[in-house]
Amino acid sequence: MSPVVKKLDAKPAPESPSPTEPCTLVIFGGSGDLARRRLIPALYNLLLDGLLPEKFAVLGLGRRRMSDEEYRSSLREGVEKFSRQALDEAKWASFAEHLFYLAGENDAPDTFTALRRRAEELERTFDLPGNRIFYLSIPPSSFTAVCEGLAQAGLATPLSKAPPYSRIIVEKPVGRDLNSAKEINAVTGRVFDESQIFRIDHYLGKETVQNLMVVRFANSIFEPVWNHKYIDHVQITVSEAEGVGTRASYYEEAGALRDMVQNHILQLLCLVAMEPPYSLDPDVVRNAKMEVLRCLRPIVGDDLKRCTVRAQYAAGTIQGRAVPDYRREKGVNPNSTTETYVALKCFVENWRWSGVPFYLRTGKALPSRASEVAVQFKEIPRILFNADVQQPQPPNVLTLRIQPEEGLSLRIVSRVPGTREQTVPVEMEFRYGEVFGQASPEAYERLLLDVMTGDASRFMRRDAVEASWAWITTILEGWQQQGSRRLPEYRPGTWGPAEADRLIEEDGRLWRTL
């Protein structure tokens, strides 16, 4: 379907020169999958877009032994395969001159001595002022050793208004429950000030997620109806078509609630439910999101059965591809009670959202890879165009699609042309690619640029991490008290178990089909 919405003649302002200062980016886990698939392609695209500083260095640190040239060759393969923009030989050659590698163990003091020596050498070579960003693309179990190693080697400079700066990026998961999250925050907090810590959630860098605040607060038509008087309910869905695959060992320890709800989905909920911030200052925005987390009603007692559903996928097929039973995946306990699907009904207990349910769901081996936020408005009165009890008019729905095709749609009711009085629902569509004529930057491009400029508004603050884990841990503990029992199953390629359908149908509502 062609987009109904078109961009007006007013053109966006041209990109200004890069606001970033020269810096050195050190990637712990530099030979890993995230660096190859996401981080280096993101930096390369920032270079193509003129957003990287002219002077910079990237130093990957990993356990594998390899030369700088071997490292560059492996990263080139990642850029060729995963970059948003095609590889340009001349640009790549210029970019690759700034990529370096150091082999070492994260818990070895000698590693950090060598790291400091190499970083200072690169800073002299490229005339860099000593600004350093440390990206922890490593398991949380290594955070303590790395932070202490950085401190002991004098690599983590204390907070100062004057350059050079030192910043650290912490990749999820930040813990597996409230206590472990507090431990990680304490470890990083002993070495870095809170303003130096960037806890990354790549969902917050996606265009539609960034646009959620704009849609809400830059359009006067939405804010007056963005409350319990007009909104019936909200659905947030993050679905994945693949099974756990090679991540089975990690997933068995995490599960859908920890892996997706604690970070991605709760952050989306905060953006939907937050009060208007009085400015775009990072802490003002994060304060508004934090208030939502404080207002989330804990799911305890009888609500645990009424408001939560967890399940595992059984053996089956998706689009002709065989999917094994989750408990038979390599690395999974045959008696596992880890959920690959979770559905929740929750409430934000404040004036704006009083009585409005938020339905959340996520899972593996579902029909498609898709993410969306759907705000469903209340039905109109049963008169005039909604008088037919047998065929009520469908309510208005504002849908923000995060993937696979970023954009938004608004369902309204329209009259069918002709002599009969007939109405039908129609969709007003907006798609980024079709309206703006270019591919949106990848999430990591936006977020890495934010770290370089010091903008923390799209990163989770310590109190928000702990508040979200406090809410999630209550559910985890409730499940644990229920004892080990076989979870309901769902067939791959379906939208989850029958129990999830009942959760929403008992309220007279239905899950959306994506």
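Just so you know, glycine gets a Cβ as well, placed from its N, Cα and C.
Residues or ranges marked as region 'Disordered' by TrEMBL: 1-21.
Here TrEMBL flags 26-211 as domain 'Glucose-6-phosphate dehydrogenase NAD-binding'.
The feature NADP(+) binding site is assigned by TrEMBL to Gly29, Gly30, Ser31, Gly32, Asp33, Leu34, Ala35, Arg36, Arg63, Lys172. Within the same chain, residues at least six positions away from Gly29 (NADP(+) binding site) with a Cβ under 8 Å of its Cβ are Ala35, Leu61, Gly62, Tyr135, Leu136, Ser137, Ile138.
Per TrEMBL, domain 'Glucose-6-phosphate dehydrogenase C-terminal' is recorded for 213-512.
Taking the Cβ of His264 (active site, proton acceptor) as reference, residues of its chain lying under 8 Å away and at least six apart in sequence are, in sequence order, Asp201, Tyr203, Val238, Thr362, Ser371. According to TrEMBL, the feature active site, proton acceptor maps to His264.
Annotation for Arg63 (NADP(+) binding site): spatial neighbours Ser31, Ala103, Gly104, Glu105, criterion Cβ-Cβ under 8 Å with sequence separation of six or more.
Cβ packing within 10 Å was compared across the binding-site residues Ser31, Asp33, Ala35, and the lowest neighbour count falls to Asp33.
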